[in-house]
């Protein structure tokens, strides 16, 4: 009897420790799974009903993951309120806070796909999703400004410690801008006014997020040229700059299509929206520019990860999930370009990218389940709890940028 009580006590302590060590970066799993759901729905080839069914299955899985992770996060900060301040002042972990609203936005996208497949005439469904999108925007906008301001006023940074995760807070507004554009397109048949509101809010969100992302990218290039590739498993963050290119390009294409549809309906006297060609053309040109820019980041990331894996294979960690979403949205942008241009070339490229994303997601899922079953401590671990920075702590003070402490960079 005493032995059983001891085992239960140990089990409770283990669960408590794991909840305490849960970090916001786990929401990148939700983002990646949402991207896979969207790709399954829009895959250029194959039997659509089957692919749509798989997309719906991934949506269900994603909803479960979101609620489980959200439950862990709430429990963590209720039971350990001091941990929230530690996390918020951490120059790396705090940047992942935006992954929560971004993950929620991917679920809204998947629900809209579900509506198109199974409830195409449901006006109520569209407006419910529109309400959820406004809620997501209400969360995303403060996160964007607060995290970026905290980086400026509370964190200390240096070029050697700079990494691609700096770009994450900017994507917090780019992702819901795409969701808003998709919903604006769905609202066109019901209310041109609501569609126009959604279009301009999404465009403003896109410019805010993408503009800051494009300003941060040169800093990251400076770091790569002067210091070299990131050390250890931080190399997985190399794909982060692909995210603004892919997601921003997708938003531009959809916003252009919404503007064209509103112009065809004579929904506004706005000079810019009097003819359908200008907004559609501007959206396409901006999207193609970002797709081309993304080629550099995709190629660089693949080569860098290959060399790192060959020379010094890093230990698997939760941060590896950060590769799925950027590649997923870049694949989605390629699909949109193939549809706009009716191009077999882009369809083939999109299919190859999608298959790569599917294989990457499957590999990471298998590795994650394997390590969770083995209860590998490094997978669920928050190193900053033992080296918590106070206000003004630098990345180097917490081990970030130090090859010897690569686990700090990916949890």
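We number each residue from 1, going along the chain as drawn.
Backbone N, Cα and C define each Cβ position, glycine as well.
Heads up, TrEMBL stuff is auto-annotated, nobody curated it.
Range with TrEMBL annotation transmembrane segment, chosen from 132-152, 384-404, is 132-152. Highlighted: of the candidate stretches 21-41, 95-112, 164-184, 196-222, 318-339, 318-339 has the greatest count of Cβ pairs under 8 Å to the transmembrane segment (234-260). Note on the transmembrane segment (95-112): residues 23-25, 27-28, 30-31, 33-35, 37-38, 41, 55-56, 58-59, 62-63, 66, 70, 73, 88, 125-126, 129, 132-133, 136, 139-140, 143-144, 147, 151, 165-166, 168-169, 171-172, 175-176, 178-179, 182-183, 186, 325 of its chain, located 6 or more positions outside it, place their CB under 8 angstroms from a CB of the stretch.
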